[in-house]
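Undergrad: Next up is a structure, given as structure tokens.
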Amino acid sequence: MSAAREYLEKALAIKKAIGDRNEEATVYANLGALFLLLGQYDKAREYLEKALPIKKAVGDRGGEATVYGSLGTLFQSLGEYEKAREYLEKALAITKAVCDRYVEASNYGDLGTLFSRLGQYDKAREYLEKALPIKKAVSDRDGEATVYGKLGTLFQSLGEYEKSRECLEKALAIKKVVGERNGEATNYGKLGTLFQSLGEYEKAREYLEKALAIKKAIGDRNGEATGYGNLGTLFQSLGQYDKAREYLEKALAIKKAVGDRAGEATVYGKLGTLFQSLGQYEKARECLEKALAIEKAVGNRDGEARNYGRLGTVFQLLGEKDKAREYLEKALAIKKAVGDRDGEATNYGNLGTLFLRLGEYDKAREYLEKALAIKKAVGDRDGEATNYGNLGTLFLRLGEYDKAREYLEKALAIKKALSHRDGEASVYANLGTLFESLGEYDEAREYLEKALTINKAVGDRYGEATNYGNFGTLFESLGEYDKAREYLEKALAIKKAIGDRDGEATGYRNLGALFLNLGQYDKVREYLEKALAINKAVGVRDGEAESYGRLGTLFRSLGQYEKAREYLEKALAIEKALGSRYGEAKGYENLGILFQWIGEYDKSREYLEKALAIVKAVGHRGGEATNYGNLGTLFLLLGHYEKAREYLEKTLAIFKAIGYRHGEAEGYGKLSELHLCLGKYGEADKCLERAIAIRMKVGDRIGEWSDLKSLGIIAYRRGLYQKSKEYHERALAVSIESGSREGEVVSYANLGSCFQSIGEYDMAEKYVRKALRLSRDIRDIYNEFRCLCLLTDPLDGDTHSYSKTPKPNSAVAKFVRLQIADCPDHADHADHADHADHADCACRADHADCADHSDHADHADHADHADHADHADHADCADHADHADHADHADHADCADHADHADCAYRADHADHADCADHADCADHADDAERSDGGIFGYFTLRYSTPMILYIIFGG
């Protein structure tokens with residue numbers, strides 16, 4: 001480039017010296033074109049504006065048209081589309097007037113590219129189809145190839161991938177025949193990005209490497225940099241982040257060396273989205289701010305909008321929601337100002353996903369529907385599918401499952417029609433999450449297997465990890481804990497291997513939730529603290545809040561109530577700072593449950609009512625049902641039975657209305673507790689039988705165990721000890737099959753109580769000792785204490801016989817002594833030992849936000865939506881592509897700046913987000929730990945359930 005500039009400046013000096021005005025103008029125009037290629041737009045404009053008056057003065061109409069055309073291309077690069085149109089139409093008018101068919105066709109082609117940029121695809125096609133027959137008529141084979149290339153890019157923007165491929169292959173064939181090596185490389189590059197969009201990554205790599213090889217062979221340094229940049233984006237899509245960084249850094253070095261400022265900004269943008277994918281948000285911010293500064297300096301409005309959008313996404317992930325909104329609104333304003341309808345739609349979509357992440361569901365719907373309307377109007381089929389998917393995720397969050405399914409199936413149909421494999425996998429995953437939420441586990445498994453198969457086939461490591469995580473949470477819901485662990489560990493291993501720190505934290509959090517269900521509390525704490533450390537290190541504020549919340553729940557389960565309160569208050573503070581309404585509601589809910597546990601009922605009611613008010617305000621039906629249930633449980637504890645009935649019936653009605661089968665079963669379980677408190681044993685039995693029928697139909701083994709145990713408790717209350725024993729034996733079998741060790745503890749102990757009641761003391765002692773050993777193995781001090789109460793007090797000297805009359809006070813003394821000696825970390829639990837008379841109250845039940853299974857989508861939400869930014873610069877979710885990153889193909893002036901096509905809902909790791917969603921690697925299963933175990937048995941329950949009838953043993 002420097003040599004070209006040197007020769008042109010020498011030529012200019014000579015032409016000026018000999019007074020050849022027309023040739024002087026021609027050299028000015030050529031220098032302008034060179035600076036345009038280098039992204040030095042001010043210099044390009046200066047030289048072209050010097051050329052234009054001379055051409056006019058000497059009467060060179062053809063030259064005048066050429067300069068108008070170059071100025072049109074310049075203003076198009078700057079995002080000044082009205083000016084670009086004005087100049088290109090002037091050029092076209094002159095070429096038609098002077099009957100220059102050759103240049104006329106080129107002007108039609110340039111206008112076609114402009115209309116494509118503006119999202120006016122019908123006009124773009126009209127102009128390009130005018131250019132093509134003229135190029136053929138004048139036998140301009142090279143120009144014919146160029147127009148085919150532009151049509152290929154247009155069809156790609158429209159999601160008509162077969163047509164795109166056909167046109168690009170025609171362009172490539174002609175470029176090879178005429179021996180135009182530079183154009184050959186350009187079309188290999190375009191085909192490479194097309195195959196990348198289709199998820200055909202091996203083909204994409206093959207074509208992009210061919211493009212790079214040619215650029216290097218012909219000595220085109222700028223094109224070489226573009227080739228490195230495109231391969232970097234491909235490796236990012238494949239989750240090969242080290243390679244992606246290596247190639248992008250090579251591209252950046254060359255762009256700087258040749259002085260291509262616009263290209264330098266493009267590569268900084270790509271590096272920013274790479275660091276975002278890695279969870280390195282501060283580095284992402286730094287790169288994107290550099291990109292933005294350059295785009296503003298060179299006056300590129302389109303690039304400026306793109307980087308405002310990307311920074312908006314990063315600020316969203318960093319928890320700076322006000323800045324996120326500010327930057328996304330700036331991006332939207334620019335797109336509207338320059339008349340870019342497709343980009344306008346993309347930014348409406350980005351704002352919609354921001355509001356979705358913040359729990360502002362009405363606003364989210366408004367913006368996503370605007371985005372969808374524009375995408376349909378401009379004919380962008382892929383973008384249309386993306387917005388159907390995002391709206392499906394929104395309805396899934398709101399518990400509107402029929403609507404969610406309708407929209408996701410529309411998205412899937414389009415993705416399949418377009419042969420968009422990546423997007424197809426994304427929608428299959430979201431449908432899998434939907435069916436899991438509905439308790440339709442066979443369908444959920446089928447869809448997740450389809451998603452995972454595609455991920456593996458196309459080599460998408462990121463998506464593969466996400467769907468291993470989704471499978472893990474599915475198996476957890478089914479109580480298949482060994483399988484759940486296997487899949488969650490696969491997900492974590494991939495996240496670590498590809499360097500996705502945020503995804504790694506999500507993986508640790510999900511495994512922590514699983515170990516909580518398995519009663520492996522040391523592991524729970526270890527994994528949750530790892531997740532928290534990573535979230536804090538990379539600055540993911542919503543992940544930090546999630547980790548604090550889960551640790552708070554763990555400490556509550558362990559009886560460490562002060563620590564629980566400290567962590568839950570930290571979680572709430574972060575959610576409020578982030579402006580996440582739904583997260584704020586969850587924070588109030590968790591604190592309300594904690595206050596209920598420690599007997600601070602007024603505070604519990606205050607916090608649960610705050611939670612209920614928020615979920616009602618944002619329209620989250622599942623959360624509304626859950627909090628009616630929590631308040632119903634509180635009123636049950638307080639003996640306000642009519643109010644309890646009112647609230648519990650609301651819970652059941654909402655869960656039935658939204659089709660959430662898990663919640664329906666929980667609702668029946670809660671009502672059974674009310675009937676039991678009222679002495680209506682038959683009604684309680686009926687409710688539990690209904691709950692069990694649902695549990696068995698949807699394959700909910702944990703819930704089935706819980707309800708069988710509750711039936712055993714009711715039978716015990718009625719003196720039907722043999723029947724009680726049968727129920728507890730069935731419950732024990734379920735807990736062993738599902739791998740729930742804490743469930744085993746409870747079932748063994750309850751069977752011990754049954755045998756004690758029928759006078760079989762040896763069997764009673766055998767079962768209680770099994771429960772005691774197992775409770776110690778898993779450090780379940782809550783139920784260890786109860787086992788000690790059932791056994792003869794060793795302090796009285798009789799260590800062998802099983803007592804008909806336990807001595808709880810002595811057991812407390814032994815329990816305290818054991819905790820001080822053996823479990824120093826839990827010594828403070830001794831202070832709560834004498835709370836036994838309220839510790840086991842079954843009415844404290846089911847604080848699980850069962851409806852939160854909907855948070856597994858999102859993901860999309862969030863985003864993965866942002867996690868997969870710039871997916872080959874095709875992300876619809878955060879303007880992560882705009883295809884302008886392929887405008888970096890300097891020789892690709894014909895490569896339109898469109899794609900913006902990623903499924904934001906999917907890349908959210910299913911939603912620890914969101915992410916979009918979030919969207920949280922299906923993480924909200926931690927709340928399953930708070931599901932009611934139906935607990936009206938006189939003694940044994942899961943520690944995180946709601947014990948009630950301690951008086952059966954102690955006060956009879």
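Cβ coordinates are placed from backbone N, Cα and C, and glycine is handled just like the others.
What TrEMBL says about a protein is an automatic prediction, not a curated fact.
According to TrEMBL, the record shows the following:
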- 25-58: repeat 'TPR' (REPEAT)
- 65-98: repeat 'TPR' (REPEAT)
- 105-138: repeat 'TPR' (REPEAT)
- 225-258: repeat 'TPR' (REPEAT)
- 265-298: repeat 'TPR' (REPEAT)
- 345-378: repeat 'TPR' (REPEAT)
- 385-418: repeat 'TPR' (REPEAT)
- 465-498: repeat 'TPR' (REPEAT)
- 545-578: repeat 'TPR' (REPEAT)
- 585-618: repeat 'TPR' (REPEAT)
- 625-658: repeat 'TPR' (REPEAT)
- 745-778: repeat 'TPR' (REPEAT)
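Have a look at these and tell me how they're positioned relative to everything else.
TA: The average per-residue pLDDT of the prediction over the repeat 'TPR' (25-58) is 92, rounded to a whole number.
Listed as Cβ neighbours of the repeat 'TPR' (65-98) (distance under 8 Å, sequence separation of 6 or more from its ends, same chain) are residues 25, 29, 32-33, 36, 39, 41, 44-45, 48-49, 51-52, 55, 104, 106-108, 110-111, 113-114, 117-118, 262, 298-305, 334, 338-340, 887, 893.
Shown for the repeat 'TPR' (385-418): DSSP residue counts in helix, strand and coil, namely 30 helix, 0 strand, 4 coil.
Broken down by DSSP into helix, strand and coil, the repeat 'TPR' (545-578) contains 31 helix, 0 strand, 3 coil.
Mapped onto DSSP helix, strand and coil, the repeat 'TPR' (625-658) counts 31 helix, 0 strand, 3 coil.
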Undergrad: Test of understanding: applying the rule of at least three C-beta pairs under 8 Å (pairs 6 or more apart in sequence), is the repeat 'TPR' (385-418) touching the repeat 'TPR' (625-658)?
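TA: Contact confirmed: at least 3 Cβ pairs fall under 8 Å.
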Undergrad: Could you give the number of helix, strand and coil residues in the repeat 'TPR' (25-58) as assigned by DSSP?
TA: 31 helix, 0 strand, 3 coil
Undergrad: On the DSSP side of things, how many residues of the repeat 'TPR' (65-98) fall into helix, strand and coil, could you say?
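TA: Split into helix, strand and coil, the repeat 'TPR' (65-98) gives 30 helix, 0 strand, 4 coil.
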